[in-house]
């Protein structure tokens, strides 16, 4: 693939590996070709991970390195994303840059719609997207002036790279020679003529045709399908894939087809364009721009692949389209209809036939055609259900002459609703007719409980809802319309001297390097001499004894050097967490699918993967498998200790309450989805058993200790080096240390450098994520809304090993009260041991799950009383209002919590909007709006006191430059930038003189993890201490020469033999929690925040749009407002994903289904609130942290739940229309499926009334 060629062969590492499946956009590059017919140069953004190098003959490829650099000259696209603070961890930034660059090459004056469409194929896990859009809206005319144009490089298209003249000459020659590329196991043939193509299909009937490689490439990579011969007809495209009217060549890309349809819509009479418009609507949603650009991303490939959830085939079938199939035996015209599709990925096409062209007919008079689609995410997501519908009426009548209804996503192939169509033909289009159709559809479209993809009731209800929308569209424009406007962020900071950078919105210190691709991540390090690659072999059984590991066949394969098993580990074969041992490599027994068993080491990644596939592990299955928390409770499978905390007398409080309510809620897990997967390079020095470990981790010292113990050597022989991380969010601590240890064993055994970079699917399978939690509560309350008592029970699905699950369960209980002063409060928590991959730390560390349960209880109290939870009588009356004690007897002052609440209510204009929403809901039946406001009180710091310490090392060199080393790792949160600001203030020098190279255990030993929103608090103080020591040493020199320069003082100090190096140390807060006494001070202070969100919900499909979000946060005195606001927005969007869309799915045998962006959807550009306002609470201070700032990385994740509760509020309005009132259970995430079914519309009720639970197993476990 082009990606590996760029990175390994050309050493152009700015193009990143994020997923390998075209789903994240990190590998975006620009491909340009010269068209000799039009004399135009065409540019496309493409995914390098899917593009075969063999297909690029005659093309020019531009990577992020080619458009600008910090060494020469920046391109405006690179500069603006950096200056807009749109790069945090930076791993996604080169892909963003190249998508925007390609757009500007094609359209130097884009609209905002062009920008958002161009970026739709790119994902970011850090920023929340708003600053990226703000940076790039500066290229659009008529947009708000967020930046002074004078401070930005102008866009000058004349300065862009020219297309290579030699490629233009090559294109003019039209060399049609057959190209043949032979690899180790595969042959790639690109025929030079149509006759050659037909002959090749006759000779190799099973060989796939590859144009865009978005189907075949994925099948080969992820399903292990092997094709010895591949035929790529790109050279003959101009000969036989020709656009004639509305007959398009089957090899045209989606982008080309889109332009054809847009021209046709302008050329044809409006009444003839229904089919074109419907098809165009679907094309805009096929993948991202990169997928649509590649030549399934062709029309013919989309049809021939015959996937059941194809966005195009239902509308092509409904719209009377036909195709021309060609072989050596001749050509034939084939209708694209129900008879064309024979089954999953099967059509009537013969093995030696190719699709030549597709005819798309214009609509006839009195004919209406529409396409519909529902997907887990609005853009760049495969459809859950889609449909194509066409109706043809008799002239001047509502009597139906002809109708076609096709559905995708409800069977092995697209389904024609023939019986429903028969119900309509010859009858007038009226309610009686349509009522019969709904009943027929319910009976006609069946899905069993174990149907692939699950969501059975939802998918069936969508078939009814989409047909109902078809009926609506006869009279009105589609009821749900998207808008991509995003408002400006807001902040207020205190003024200070111009020389002092603290408190200023300073750009991330390496943002420009990240935007140019120069920033180095672990896998960007150059290959070293003799380097090997390691691939992990994981268990395929959830609970079994290992009877034998046979790797004899693997060792016979080319390039395979060795296989590493537990027996090869010279030191400790396990890591211990909270009293439990976790094996590095399973030796006798496996306890989940995905547990690491052994590792294959080879001379290349491809050889290592083949070797891993050849390892055969024999098992003896054990029957006592546990997957759900219910099963764990039944079998008493827990990690100890189980914790409990209580204040007051809960039983008495419940007895004295005027009402008591019992409820529950389930919160699903969440994948970290850091863009940079787990990455390691271990280099044996060859002397005294020294090892250099380059890796991506939040806790280098922990990895150092793990590697040393695994190899049986002292820690001083192991040095860990972390330049930066491409995201982490808690997921690069425990499993990272284990993976590094395994890689180190391989390096030690072979005596050669070993690299290990997990693929996205491996990473998601092995490393675990956020704990799914089942929360049960019993609450007593008075009629005025005062809560007298609450009793909570939390069960967290920990997985097969303990990891940090016991600590997560403890933190859940410590945040049991959230912002509410409940006099009688009890909480119990348990970490359930199951046979799923172990879960681990994740941003918030159990708090986002805990607080959702608490807020659900508040919501239920309000619904039970028939009031709004935001009213004074519910949330406010129960909120902490004066100096108080928490349930663990820690004193705090909630003044700023109350201020955040009041200010958010005011800034969001909550009460006025509530009235407007109520009116809107009265006037709309199938659209409902909801609004919610939620507070948070989040404890900052580690309850384990020793983790709050930090150290730093600061060197001043003779030229006056300063090198700072500290124990924090840079993972996008801006810790290096803030530390640079601290050093600048303390030494009173410009930030340009200060450099931070890396985090290394050689420079700063015994460091603590960069976690718990405490990194800047601790490391900033350590750096401050070191700088103050140095500054004080220079005081006599400054006094003697007060007008001297910094450089003069430093030279003088050196000549006077004054040490210019100092170690700084911060002891940290003495925090603790005594669980026996149920009291303590586990946190240094609290960060307060309040978030308010409004949504609009489509009750027919469950789709929603966040119309507006307002957030007010108390972060004390911000060290860097732009970085802090970036953290707030990024955390909010991650919370939005957690509570509304991200779902981990496991098979009934414990296999993770969701192993990449095609199955697992994180928020994208389309999910950002249309109005997004962030305010920092003015006049706040915090004496417990550096410069009165506060930790902010984790708290605002929970504010994403404001969208969840806004959805629930909208659902409540829909249920009221259905005659349903009072509390109801809406589990998290509030996906369209859950929201739609909870609305209890007529259509969902029809499906549920007809549903019968069969004996078949569900497709996925309910985790």
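Just so you know, glycine gets a Cβ as well, placed from its N, Cα and C.
Quick look at what TrEMBL lists:
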DOMAIN    1-67  domain '2Fe-2S ferredoxin-type'
BINDING   19, 24, 27, 49  [2Fe-2S] cluster 1 binding site
DOMAIN    181-365  domain 'FAD-binding PCMH-type'
BINDING   209, 210, 211, 212, 213, 214, 215, 216, 311, 373  FAD binding site
BINDING   698, 729, 843, 1012  Mo-molybdopterin binding site
ACT_SITE  1194  active site, proton acceptor
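The binding-site residues shown are 27, 49, 698; of these, the one with its CA atom nearest the CA of residue 211 (FAD binding site) is 49. Note on the binding-site residues 19, 24, 209, 211, 1012: the fewest other CB atoms within 10 A surround the CB of 209. Taking the C-alpha positions, the distance from residue 729 (Mo-molybdopterin binding site) to residue 27 ([2Fe-2S] cluster 1 binding site) comes to 22 Å. Proximity to residue 843 (Mo-molybdopterin binding site), judged by a C-alpha distance within 10 Å, picks out none of the binding-site residues 19, 24, 27, 209. Other than 698, 729, 843, 1012, the residues of this chain whose Cβ falls within 8 Å of the Cβ centroid of the Mo-molybdopterin site are, in sequence order, 728, 730, 731, 841, 842, 845, 1010, 1011, 1193, 1194.
Within 10 Å of the C-beta atom of residue 698 (Mo-molybdopterin binding site) sit 26 other C-beta atoms, taking all shown protein chains into account. Same-chain neighbours of the [2Fe-2S] cluster 1 site beyond 19, 24, 27, 49, judged by a C-beta within 8 angstroms of the site's C-beta center, are, in sequence order, 3, 16, 17, 18, 20, 21, 22, 23, 25, 26, 47, 48, 95, 760.
Here the CA atom of residue 209 (FAD binding site) lies 18 Å from the CA atom of residue 49 ([2Fe-2S] cluster 1 binding site). Cβ-based neighbour count (10 Å, all protein chains) for residue 311 (FAD binding site) stands at 26. Checked against residue 311 (FAD binding site), the recorded positions 19, 27, 1012, 1194 differ in C-alpha distance, with 19 being the nearest. If you draw a 10 Å sphere around the CB of residue 1194 (active site, proton acceptor), it holds 26 other CB atoms from the protein chains shown. Counting Cβ atoms from all protein chains shown, residue 27 ([2Fe-2S] cluster 1 binding site) has 28 others lying within 10 Å of its own Cβ. Taking only the Cα positions, the spacing between residue 1194 (active site, proton acceptor) and residue 1012 (Mo-molybdopterin binding site) is 7 angstrom. The local packing around residue 729 (Mo-molybdopterin binding site), expressed as other Cβ atoms within 10 Å of its Cβ over all shown chains, amounts to 31. Comparing C-alpha positions, residue 19 ([2Fe-2S] cluster 1 binding site) sits nearest to 698 among the binding-site residues 209, 698, 1012. In the structure as shown, the Cβ atom of residue 843 (Mo-molybdopterin binding site) sits within 10 Å of 25 other Cβ atoms.
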